[in-house]
Structures are given as C-alpha cells and as structure tokens.
Amino acid sequence: MSNKVKPHINIVVIGHVDSGKSTSTGHMIYKCGGIDKRQIEKFEKEAQEMGKGSFKYAWVLDKLKAERERGITIDIALWKFETTKYVVTIIDAPGHRDFIKNMITGTSQADCAVLIVASSTGEFEAGISKNGQTREHALLAFTLGVKQMIVAVNKIDNTEPPYSEARFNEIKKEISAYVKKVGYDPKTVPVLPVSGWHGDNMIEPSPNMSWYKGWEVEYKDTGKHTGKTLLEALDNIPLPARPSSKPLRLPLQDVYKIGGIGTVPVGRVETGILKPGMVVTFCPANLSTEVKSVEMHHESLPEALPGDNVGFNVKNVSIKDIRRGMVASDSKNDPAIEAASFKAQVIILNHPGEIHAGYQPVLDCHTAHIACKFAELLEKIDRRSGKVIETEPKMVKSGDAAIINLIPSKGMCVESFSQYPPLGRFAVRDMRQTVAVGVIKEVDKTVAVAGKVTKSAQKAGVAAGKKK
C-alpha cells in the first residue's frame, strides 16, 4: 500500500469563474488519480453521447460532484491523486455557488492553494479586476492561513499567438505583485504556464514552449527548488507540520446514520488524535460518548491524526443530537466549551455601507454557520502595522480593520487562533457575499454545566461537566 508511507496534503483550487479550474482539476485526477479507469471510460462514453466530448475532464469532475452532492458516496478517495512524495486530496472543487463559503470552512483544511488564472486576452484582466474572484480568493486563502500558493497560468494554448512568452511574462509580473500585496512571499510562489485541456506542463513538460525555462522557488526550510510542471510544484511543497500534540478538535462536517453501524459523524481532525475507546465531548451539545471505531476511506484506523478526514462510530447517540458545526474534543484533555462571546480582529472586505454595533451577519467558522452580533466595536486598527488608530469607533466600513466583541446567537464552539488556528478564523457573510474575515483573539467560555453522558461514556469512566 503506497498510501501508508506517503504523507497526505490537502489542496484547494481557486480562481475566476471561467479560468478552467474544473478542467485542470479533472485532468490531474484523471491522469494521476484515484478514479477507476472503468468509471472514466463510462463517463467518456456518456460525454461523447451528450456531445460534451470537448469537456471531458470537467465532465469527469461534474459527474463526481453530482455523486458527491447526491450523497452516493462518502468516498473522498475519488478526489485524490499522487505525486512522487504526497497523496494529494482536492478538498473542494470549485464551481459551487457556495464556493467562497466552503473555502472559508474548508480552507482551514488546505495546505496549499492552486490559483488558476486564464491567460487569454481579457479573461485574466476580468479575474484580477477590482471585483474579480481571483483577488477575493487569493486574499481569503492568505487570511485563512493557507501557507502555500501555486499559480497556474492556464489556457496558454489560447493566447495571441498561442503559447505566448510575452503574455505569460506580463501575467506573471502582475500576479506576483498581487500575491505579494496579499501577503505571500513571491519567492515561495511558483508561477507556471499550463493548459489544463491539452495537458501542457500539468504532468509532463510541454513540447510547445521551448522558451519556458521552468519555475524556481526558495522555501525557508527546504531551500531552492526548480521544476516545470504543476505536479512537480505540488511535490515540492514543504511538508506541513501537523499539530498532533495539541488536544483534540474535530469539527463535524456531516453526521450519517448507517444501517447496522449506527451514528457516524464525519469530519477532519484539525488538532490532536482521535482513537477508538476515547470518550469525546460534542460541543455545544455538551454530550459525551465513547468512540467505537474510526475509519478513513473504508479502512479502520488505530488512530486518526490532524489532516485526516474520518468517519467515527459513536455509541448511544442519536443523529438528532449532533450536527454539522459541532466540535468533538477529548473529554479528559481541555474539552471544547461553548463560547459566550469572543473578541476578534476583523477586516471588512466589501460592505456597501457602514457597520455599527448591533450588526448581526452570519459567521462561517470551521464548519459552523451561525448568526453573531457585533456587540461592541472596541478599536479601529491599521491593517499593515496593527497599531490602534481609534478606540470605540462609531462605525467601520470597507477597508477597515477593527477589534470587535462578538456574541453568537446560539451555541457555538470557537477557539482563539493562537491555540487552535482552524477554529479561530472565520468569514462574515451577508448579502450572499463575504463581507469580512476575522481572526479570534480570545474567547469567553460559558461556565460548563454537567452535560448528558451516555452509558458507554459512563462505563469508560467520565465525570460529566468536569472542565478545567
């Protein structure tokens, strides 16, 4: 089993609506991936019959997406491909209405963002314009803590003339300046010309760009790397550190009821370790129970580590008691406690008016989606230096950064960014867009009351509500 040895990394694919994300993503999965060849042949045949032959890679992705949305499989294995060094999981294939929202909840899971920009005339400009998605996606990726970025300049076969060196250099210059402005160090961001459709520089170096000498990056820990393809760029990402020594935090993505097994919550271990036999507490339900088994890709695991997307079976818990957005933690080691309120540094990205105390948008934090009130605007700060410009401002508007005290409208489990990064960043959504992003500085936790403890948890010897 090659998978056992290779570390897993998660990537998120971002970029403007027609940049070719689906085709490029489809291509990678198709050529290096976990899709069974028979399945591909079936998809191809269907694509031909429906006159979608030219769309084959994107079509593969659409089929997978449809299956995922209809809940036919809980099998994330399809969204995988391997490089020499890593097993890569694509966490969210774009094109979703809620892509930005998923990106906020999902990006906390991404080790690397692959930003795809279209090089054809007009398309690049549209994506990078003031309200283009390229900008918003890149800024979100950085704010939400995605350490690595790779930029693929796509549709290079579609430039004037095709495979134009001048056009690539023009885009490379602009995109490097932009990722720098967002906060990335351009020295660590490979920018490469590709065709997701024809496959140029995706997996093998392109025969069509003799001018292209390759990308070069320099990482702090691993030094200089060069290469020509997207596959090599992914292969050279520094291995992300996994916070397995911290206490367990596992935000639930879904909860399934599986015949003959019972209730199976599914989510990704963000910090700590999940093992069978452990007694977990679900917050904010304040319910403790024993973990019977842990599975990943249909194989049972002795333990799940940060980065693992797993399902785990819990005893005596009804599917009605737990839901997406709750957090599982170890009842004996700094268990998660509901937040009464929390203080956060918030950057207002695009809000048409003024935001005053009392504003109540929806926050997306890890997998939770909950309305929270901006209870007090404490300080307005300079985005660059972090210095306080004004205390107790009357209002904030687009472009401002502020320290704000927030109160959730119902039970919500969040943590400070410094302790548990994935549970300490959020997006503020209103009017179907991302109005702001924030990082949690400190959390005022509710006083723990004795929660419900299932029989299996009592057997495993838990004192309810015993919190530090």
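Backbone N, Cα and C define each Cβ position, glycine as well.
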**OP:** Among 122-125, 154-157, 286-289, find the range that Swiss-Prot records as region 'G4'.
**Re:** 154-157
Original post:
Of 71-75, 236-240, 316-320, 456-460, which range does Swiss-Prot call region 'G2'?
Top reply: 71-75
**OP:** Look up region 'G3' in Swiss-Prot and report which of 80-83, 92-95, 396-399 it refers to.
**Re:** 92-95
Subject >> Which range of 15-22, 127-134 is region 'G1', per Swiss-Prot >> reply: 15-22
**OP:** By CA-CA distance, flag whichever of GLY15, ILE156, GLU376 among the recorded positions is nearest to GLU303 (5-glutamyl glycerylphosphorylethanolamine).
**Re:** GLY15
**OP:** In whole Å, note down how far the CA of GLU376 (5-glutamyl glycerylphosphorylethanolamine) lies from the CA of ILE156 (GTP binding site).
**Re:** 49
Original post:
For the region 'G4' (154-157), what are the DSSP-based totals of helix, strand and coil residues?
Top reply: 2 helix, 1 strand, 1 coil
**OP:** Calculate the distance in Å between the alpha carbons (Cα) of GLY15 (GTP binding site) and GLU376 (5-glutamyl glycerylphosphorylethanolamine), and round it to a whole number.
**Re:** 35
Subject >> All-chain count of other Cβ atoms within 10 Å of ILE156 (GTP binding site) >> reply: 29
